[in-house]
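Taken straight from TrEMBL:
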type	residues	note
DOMAIN	390-496	domain 'TMC'
TRANSMEM	95-113	transmembrane segment
TRANSMEM	119-138	transmembrane segment
TRANSMEM	188-206	transmembrane segment
TRANSMEM	277-301	transmembrane segment
TRANSMEM	321-344	transmembrane segment
TRANSMEM	365-384	transmembrane segment
TRANSMEM	399-416	transmembrane segment
TRANSMEM	423-440	transmembrane segment
TRANSMEM	452-477	transmembrane segment
TRANSMEM	498-523	transmembrane segment
TRANSMEM	559-580	transmembrane segment
Amino acid sequence: LDFFHGFYAEEKLVGNLASVSTNERIKAIQKMPETMKKKREIRNKVLKEIGKKSRHHRTPDSCCTKCLQGTAVSLRRFGNRLSECFHLLQLRHKALKIIGANFGTSVLSYFIFLKWLQTFNIFSFLINFSFITIPQFIAAEPNNLSFTGLELLTGAGYFQQTVLYYGFYTNATISKIKNGPSYNMQLAYIFTVGIHFVICFLILLFSMTESFCRNVINPQGFSGNASKLLCAWDFNITNEKAVKLQQKNLSTQIKEDLTEVSQEVLNFSVTERVVHIVIHLSTWVASLGTALAACAGVYFLSINNLKLFAEEHKNDLEGQASTLVLPVVVSLLNTLIPFFYSWLGRLERFQTPGYQIYVTIIRNVILKISIVGILCYYWLNIVAASESQCWETLVGQDIYRLVLVNFIFCLLGSFFGEFLRRIIGTTICVSLGLPEFDIGQNVLDLIYAQALTWIGILFSPLLPGIQMVSFFIVFYVKKVSLMMNCQPPRKVWRTAMMTTSFMFLLFFPCFLGVLSVIGVTVWRLKPSEECGPFRGLSSMYAAVSEWIKILENYTASKWVVWIYRNLITSELFFFILSIISL
């Protein structure tokens, strides 16, 4: 009797829902205290009931009505396919939940930051590919160079005559139809790069502000302890694995909150404080001295590397192999010196793991930004003044090699730094135990790689696509290495400022420093005479000045000239814009 009563009640419910409007039906189903699976079953039954009623009362449709119905069905199918694609893009959401449940929010913040950077590079790649690369394909000439495979490492040879580098792009106005619309490659190139950086600036500023408000100004408004304990459970979860994962995730978050609340402030004696100050000063002198020595080595090696590459008696294979010396040495320094910094951090014995991570990150920032600064000085003052036919392509090749070798070292770091460390800690020296995930070093590797990508966009427009693929691989390699080789942090702790700090470091000094490099290149350096879209001009920016002079002759374009004269070239406008941004 209970079965028939429930069946009758459900049939009555389906009939009632089929007779109301679409919006009322959706709201009614959403408010039902049922699982998502049950709600879907009810929705499907209601749709079938509506279909039956429409067939009974159907009138002969006109041709126009059939066309409209066919269009509506096609749009609905397209929407379903699009939603499926977005669902595939969100597959990593489960991986993030597993990481957060097992290792806490501090380690999770690294993977969230990595995922966010990958989305950033997808956006950059689509912009450059759409407005720079696709038009160049139309005007491109066939590549007569042979492909040997070594180009994948060096970026030279066959790739030199492809859309990968600045030197391959034409300076002509592209037009496939006689007397038809044309495409000015000079303006497309500089405006695409310029608008890309403006959009990146706004996204970074908005993301940093949102993260600061959420985690610093009003953290309890987003994750209160009482609400997390009493209201955070999702009662629609019925799968056993999902239930256990949700329990573990909530348990880890509550432990982090309790650890932060119960944190004790240690009182040291005067002697202990003096010893701690001496240790801190000594470690800072050692870290800064190491960074200075690394920068000096990179500078002299880069000078010598340019001489080796320019020697005519070098054969192609030996000459291309010599170009890998600089990126390998730079990647070695960026990989080995952070281990020294981590050892210094353990000597200092900070009160909380957060302090140690932040100090390690600051030291790594100084190291990596100093090395990038030395390389930028080398590219803009030495390579740009060399006698090479296309110095922009040489810079693009250098950055390509740096990005690729850094990616290889990142993968090797997961093997040697985590896998072998686990083998040693579990078999040879059991007292070491399993390694912990080094958040500071891994985050700075991402910021360093993104800085190289932003610098290289002007010289290699497709570099964001390469970085996009490398970040995708790094995400899963790091995730597998973390789950197999690493242990959760010994001290359970939460850092609300972690993601905000990552974005701040990405914005300053990384992004603002890149803008300075791009600004010097566009406004002050003379382009190569024999390659690239800006050949024959005094500077890349001269293409915009020439375009504005042409627009002055057209009355309909006076507003563009006014914006250029009163805003783009106005120091006061950028000063006010900077104040508003800050």
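Our numbering is plain: 1 for the first residue shown, then up by one each step along the chain.
For all residues, glycine too, the Cβ spot is worked out from N, Cα and C.
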Spatial neighbours of the transmembrane segment (452-477) far in sequence, C-beta under 8 Å, 6+ residues away: 92, 111, 114-115, 117-118, 121-122, 124-125, 128-129, 132-133, 163-166, 193, 196-197, 200, 372, 376, 392-393, 395-396, 399-400, 402-404, 406-407, 410-411, 414, 446, 510-511, 514, 517-518, 521-522
Distal contacts, the transmembrane segment (498-523) - CB-CB under 8 A, six or more residues away: 105-106, 109, 112-113, 190, 193, 197, 200-201, 204-205, 207-208, 211-212, 215-216, 358, 361, 365, 369, 372-373, 376, 380, 439, 443, 447, 450-451, 454-455, 458, 539-541
Within the domain 'TMC' (390-496), residues counted as helix, strand or coil by DSSP: 79 helix, 2 strand, 26 coil
Same-chain residue ranges lying at least 6 outside the transmembrane segment (321-344) that approach it to Cβ under 8 Å: 153-154, 156, 283, 286-287, 290-291, 294, 297-298, 301-302, 305, 308-309, 314, 360, 363-364, 367-368, 371, 375, 397-398, 401-402, 404-406, 408-409, 413, 438, 440-441, 444-445, 448
Stretch-averaged pLDDT - the domain 'TMC' (390-496): 85
Long-range Cβ neighbours of the transmembrane segment (188-206) (under 8 Å; 6 or more residues past either end): 120, 123-124, 127-128, 131-132, 135, 169, 454, 457-458, 461, 503, 506-507, 511, 515, 518, 522, 533-534, 540-541, 543-544, 581
